[in-house]
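Noted in Swiss-Prot for the protein shown:
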REGION    1-270  region 'Amidoligase domain'
BINDING   Ser15, Asp150, Ile151, Glu152, Lys190, Thr191, Lys192, Pro193, Thr194, Gln195, Lys226  CTP binding site
BINDING   Ser15, Lys190, Thr191, Lys192, Pro193, Thr194, Gln195, Lys226  UTP binding site
BINDING   Ser16, Leu17, Gly18, Lys19, Gly20, Val21, Asp73  ATP binding site
BINDING   Tyr56, Gly357, Leu385, Gly386, Met387, Gln388, Glu408, Arg465  L-glutamine binding site
BINDING   Asp73, Glu143  Mg(2+) binding site
DOMAIN    295-537  domain 'Glutamine amidotransferase type-1'
ACT_SITE  Cys384  active site, nucleophile
ACT_SITE  His510  active site
ACT_SITE  Glu512  active site
Amino acid sequence: MSRTKFIFVTGGVSSSLGKGVTVAALGCLLESRGYTVSLQKMDPYINIDPGTMSPYQHGEVYVTADGAETDLDLGYYERFTHSKLTRKNSVSTGQIYNTVIQRERKGDYLGRTVQVVPHITNEIRNRMYIVAREENPDFIIVEIGGTVGDIESIPFLEAIRQMRYEHGSSNVLFVHLTLVPTITAAGEAKTKPTQHSVKELLGLGIQPDILVCRVSQPMTKEMKNKLSLFCNVKEENVISASDISTSIYEIPKMYKEEKLDEVVLKTMGMELRESNFSEWDKMVKGLLTTKQTVQIAVVGKYISLQDAYRSIYESLSHGGIAHDTKVEFIKVDPENLNKDSYVEILKKVHGILVPGGFGDRGIEGKILAIQYARTNGIPFLGICLGMQCAVVEYGRNVLGLKDANSTEIRPDTEHPVISLLEEQNDIEQMGGTMRLGSYPCKVKENTLSYSEYKSILIHERHRHRFEFTNRYRKQYEENGMIIAGTSPDDNLVEIVEIPKHNWFIGVQFHPEFQSKPTLPHPLFAGFIRASVKYSKKG
C-alpha cells in the first residue's frame with residue numbers, strides 16, 4: 001500500500017444523494033492541490049456488472065478503456081479528474097462472491113469453512129489494495145454504494161471498519177453523505193434523520209470523520225453545532241452541500257468554499273498545498289455566461305430516464321462550453337415519431353443525435369428522425385445503434401434497398417446492411433461478451449471526421465455486437481455515404497459520413513465516454529459548432 005491513503009464515502013437517510021458526484025468533486029479538489037488520486041466504486045448488487053441491467057434499473061452503462069461495463073458514477077470520476085479508470089475501479093458483490101467461490105472450488109481455502117468474515121471482507125479489501133499497489137496514488141477515494149442500513153452493504157462497511165482498525169485514522173478517513181430534509185409545514189431543516197444514520201454507522205463500528213449534509217439551503221452555524229454535538233464530529237467537519245440548480249460542475253467550487261478538501265487534508269495530517277483551481281473555475285464561468293443557445297434533439301428509447309444517457313448529455317454540454325453555447329435538450333421518444341408527427345416534433349431543433357441502444361423498440365422512429373436530419377441539412381450525430389440506423393435509413397431511401405435492416409432487428413431481412421460481428425457468432429453468454437473497450441480507428445484524410453479529430457489514428461471505446469456489412473460498402477460509397485473511418489486492418493467500419501450534408505456523422509463507437517468539461521470531445525464540439533451555424537440560418 002506504501003503511501004496511499006483511503007477516503008471512504010458512505011451514504012445515509014436516502015439514496016440518490018450524489019455520492020458519486022461528491023467523490024468526483026473531492027478528487028477534483030485534491031488534484032487541484034497537486035495530489036494524485038484514484039477513485040473506486042463498490043456496488044452491493046449481486047450482478048457481476050451492470051452490463052445486462054435495464055437502464056430503467058441502473059441508468060447508463062459506462063465503459064472503461066479496458067472494456068469493463070461499469071456504473072455511471074465512473075463517468076463522473078473520469079470527467080472531474082485526470083484518472084484513467086479500469087475494471088479494477090468497479091467492484092460488485094457479484095464479483096467478490098464469484099472470486100471467493102471459484103477459490104473454494106479450487107481448494108484454495110484448504111478445507112476451511114468459507115464465511116462472510118473473513119473471506120468476503122478480505123476479498124473486498126484486496127480489491128482496494130490492488131489499486132493502491134498498481135497505481136500508487138496519494139489518495140484512493142472509495143464510494144460505498146447503497147445506503148447505510150441496507151443489508152447488502154454490511155460486508156463492505158465491515159471491510160472498511162477493519163481497514164481503519166488496521167491502518168489508523170491518519171491513513172483511513174470516513175466521509176458520510178447524508179440528507180437534512182426541510183419540512184415545508186414547519187419551515188425548518190431537521191437533523192434527526194442524520195443523527196439516526198450516524199447512530200446506525202456507529203453500531204457497525206464506524207465513526208464518521210466528516211459529515212456532508214445535503215440541504216435545500218445553506219446550513220446555519222446552529223445546525224452545524226447541533227450535528228457536531230450529537231454525531232461526535234468536529235463542527236468544522238460538518239459540510240453544507242446545498243442544492244445547485246445550474247450545473248453539476250459548480251459542485252467542486254461549492255465544496256471548495258466549504259473547505260472540504262482542507263478539512264480532509266488537515267484530518268489526515270497532510271500538507272495543505274496551494275490550490276490551482278483556475279482551469280476549472282474558468283470552465284464553470286464560461287458555462288454560466290453563454291452567448292447563445294441551441295436546441296438538440298436526443299432521440300432514444302430510454303429518454304424518460306435522465307441517467308440513461310448521462311454521458312451523452314454531459315458531452316453535449318461540453319461541446320457547448322467549447323463554443324460559448326448553452327445546449328437545451330429536446331428529449332424525443334422515438335415511439336412518438338411517425339409520418340404524421342415527426343416534422344412537427346423536430347422542426348425547431350438545430351441538431352439531432354441518436355444514441356446507442358439495443359432492441360427493436362423505437363427503431364422506425366429513430367430512422368424517421370435521421371431521414372428528417374438528412375433531407376433538411378440538420379446536423380446529425382449517430383452513435384453505435386444511431387450510426388446503424390443511419391446506414392439503414394440511407395439504404396432504404398437513397399439506395400432503394402427497401403428491405404434494408406439490421407439482423408438484430410429483422411434476422412431474415414433481404415438486405416442485411418448491418419449484421420452480427422463474425423466473432424460473436426458462437427457466443428451464447430450475454431454478459432460481458434460484446435466488443436468492449438478502446439480500439440484504434442484509422443480516419444481517412446480529407447473527411448469531416450479528420451477535420452474534427454485532426455488525426456489519422458484515434459482510439460475510441462466500443463460496446464456493440466453488430467457492424468456495417470462489408471459487402472455493401474462499395475454501393476454506399478458510390479452513392480454518397482462514405483466510409484470515413486475503419487479498424488486499422490480495414491475490416492470493420494467505424495465512421496460513416498455524407499460529404500454533401502452540412503454535418504452528418506455516424507460512429508460505431510461511444511465518443512461520450514472520453515469527453516471532459518475542460519477538454520470537450522472533438523465530435524461533440526464539432527456537432528455543436530455545426531448546430532450553432534444551422535441555428536443562425538433563420
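Just so it is clear, glycine is given a Cβ too, placed from its N, Cα and C backbone atoms.
Bear in mind that the values here come from a model prediction, so they are computed numbers and not experimental data.
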- Message: According to DSSP, collapsed to three classes, what secondary structure does Gln388 (L-glutamine binding site) have?
- Response: helix
- Message: Of Pro193, Cys384, Glu512, which is closest to Lys19 (ATP binding site) if I measure between C-alpha atoms? They're all recorded positions.
- Response: Pro193
- Query: If you count the other Cβ atoms within 10 Å of each Cβ, which of the recorded positions Asp73, Glu143, Glu408, Glu512 comes out on top?
  - Reply: Glu512
- Note on the structure: Closest by Cα to Val21 (ATP binding site), out of the binding-site residues Tyr56, Glu143, Ile151, Arg465, is Glu143
- Fill in the CA-CA distance, Gly386 (L-glutamine binding site) to Thr191 (UTP binding site), as an integer in Å. 47
- Could you check the binding-site residues Gly18, Pro193, Gly386 and say which one's CB has the fewest neighbouring CB atoms inside 10 Å? Pro193
- Given the binding-site residues Leu17, Gly20, Ile151, Lys190, which one's Cα is the least distant from that of Gly357 (L-glutamine binding site)? Gly20
- When each of the binding-site residues Leu17, Val21, Ile151, Leu385, Met387 is scored by other CB atoms within 10 A, the minimum falls on Ile151
